[in-house]
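Look at TrEMBL and you will find 6-31, 38-66, 72-95, 116-138, 158-177, 209-228, 240-262 tagged as transmembrane segment. According to TrEMBL, the domain 'G-protein coupled receptors family 1 profile' annotation covers 20-260.
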Amino acid sequence: LALNPWDVALCISGTIISCENAIVVVVIFYTPAFRAPMFLLIGSLATADLLAGLGLILHFAFVYFIPSEAVSLLTVGLLVTSFTASVSSLLTITIDRYLSLYNALTYYSERTVTRTYIMLILTWGASVCYGLLPVMGWNCLKEPSSCSVVKPLTKNHLIILSVSFFMVFAVMLQLYVQICRIVCRHAHQIAVQRHFLASSHYVTTRKGIATLAVILGTFASCWLPFAVYCLLGDYTYPALYTYATLLPATYNSMINPVIYAFRNQEIQKVLWAVCCGCFSSTLPFRSRSPSDV
């Protein structure tokens, strides 16, 4: 096959994604202090994005070096599983942040750990089921007219994925609105109790709203164009449209480590310790709430 520049761009994106998220996965896995629910959820997100990056690399390699329908189905299934798990992990992190603020007094309990494991099981269980559909026969290899804008996925399969995305986005939007209200209320109460100036309350509230806007805005700007195109597009449309909307969607997996991992002060301490050659898995950490992650 002639080398497609878009496939090269996706492969490069996958390489960057893999490198970034591999660092996060290794740091969380090899640091016993990172066993709190919030770090497990960040680890789940990093694992999903790592698999997505590897899936993009494998897809490029198999398309150009080992072309095979069976292998194509496997790589597409891996990409569906990993990207679904990535989006679902973002939802679980949002739920965890909301509950940490809404039930602040009971958040650090065994119930939270149990709930975290349940969310992880549901996230990966649903993602694997979505990813297995093409391998189990729900593909358009034998009926090209049923293909979607992402071959060999069928139009119905992609519609289900797109609708699921919009449902996840709607829930995340609602939860972040509630988080914003709680943060504003807490900032106001602290300002009143400690006799802070109104300007201090305004600065704290604005900072919290700006952070939430960046998180939700990044997610929406990366995934919304592709999700909308999957609903409206047809297999007869030029492949250029698919590439032009899919590539920005992969950027979300590239940005996630920056937003959810590298901004965390505990993870920063471990990374600096590793860079300085003084890494210790028993480094003391101060537990922080997920709203600070």
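Backbone N, Cα and C define each Cβ position, glycine as well.
These numbers come from a predicted model, not from an experiment.
Tertiary proximity for the transmembrane segment (158-177) is limited to same-chain residues at least six positions away from its ends with a CB under 8 Å from its CB atoms, namely 80, 84, 87-88, 90-91, 94-95, 97-98, 130, 148-150, 212, 215-216, 219-220, 223-224, 227-228, 230-231. In terms of C-beta pairs under 8 Å, the stretch of 6-31, 38-66, 209-228 lying closest in packing to the transmembrane segment (116-138) is 38-66.
Same-chain neighbours of the transmembrane segment (240-262): 6, 9-10, 13-14, 16-17, 20-21, 23-24, 27, 42, 45-46, 48-49, 52-53, 56, 83, 86, 90, 93, 149-150, 214-215, 218-219, 221-223, 225-226, 229, 233, 268, 271, 293, counting only residues six or more beyond its ends whose CB sits under 8 Å from a CB of the stretch. Beyond the ends of the transmembrane segment (209-228), by six or more residues, the same chain brings 87, 90, 162, 165-166, 169, 172-173, 176, 179-180, 183-184, 245-246, 248-249, 251-252, 255, 259 to within a C-beta distance below 8 angstroms of the stretch. On the 0 to 100 pLDDT scale, the model's mean across the domain 'G-protein coupled receptors family 1 profile' (20-260) is 86.
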